[in-house]
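I have placed the structure first, in the form of structure tokens, so that the comments after it can refer back to it.
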Amino acid sequence: MSIKQWPEGERPREKLLERGAAALSDAELLAILLRVGTRGMSAVDLARYLLQEFGSLGRLMSAEVGKLSAYKGMGTASFTQFAVVREIGRRILAEELQESIVLSDPDTVADYLRFHLGQEKVEVSVALLLNRQNQLIAVRELSRGTVAENTIYIREIVKLALDEYADSLIIAHNHPGGSPEPSQEDIMFTRRLAQAMSLVDVSLLDHFIVTAQTVRSFRQLGLMP
């Protein structure tokens, strides 16, 4: 049965208009994006199937175009739609973060980092640069791919903080393998970076490790120098 044949109150679009987006399931929200299903499957049926195949909404929305195109009814159009939704969400979170007092709202930082880094397939490091009021100045990508900790890399972070006139910063990186626990290398790098930042009167406030499901704070773990 196509969605047009459903009772009006159960159709995703009508349900959204009547009850709000929060009342819709993941499959119903996704069906609105997909707009149409495939032969023998409504848009909601296709959405449910894809969610089951990928395991979560986040994994589906972050799937590479080649993997997505392997499923009937999906292709570059769906990939670009998903990419746009992800980027809009990331920018909204960035705006909220920039308007907030970062240290009084750590959940906003964690939400932003999870959205920004949680689905990355390679290790990505970022710096959140803050002013004296602990407000966000900028978010800058530091590296993409595994980067060995070295003096030049630390110098680049110090230079970035000085160029942006930051009074403090938070760094974060993801663990694509899924474990949020800091490695010994992560701990040693954080100590060296904190020492380097102190020489230019910039404080390293925290270091976050991000996975798709979890965000770990070095400060909360008692690991900050």
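Along the chain as shown, residues are numbered 1 onward.
Keep in mind that glycine also has a Cβ here, set from the backbone N, Cα and C atoms.
Noted in Swiss-Prot for the protein shown:
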- H173, H175, D186: Zn(2+) binding site (BINDING)
- 102-224: domain 'MPN' (DOMAIN)
- 173-186: motif 'JAMM motif' (MOTIF)
When you measure from the Cβ of H175 (Zn(2+) binding site), how many other Cβ atoms are you left with inside 10 Å? 21
Hey, for the Zn(2+) site built from H173, H175, D186, who else sits with CB inside 8 A of the CB center? E123, S125, N174, P182, S183, I209, V210
Taking every protein chain shown into account, which of the binding-site residues H173, D186 has the largest tally of Cβ atoms within 10 Å of its Cβ? H173
So, three-state DSSP: helix, strand or coil for H175 (Zn(2+) binding site)? coil
Using DSSP, break the domain 'MPN' (102-224) down into helix, strand and coil residues and give each count. 43 helix, 35 strand, 45 coil
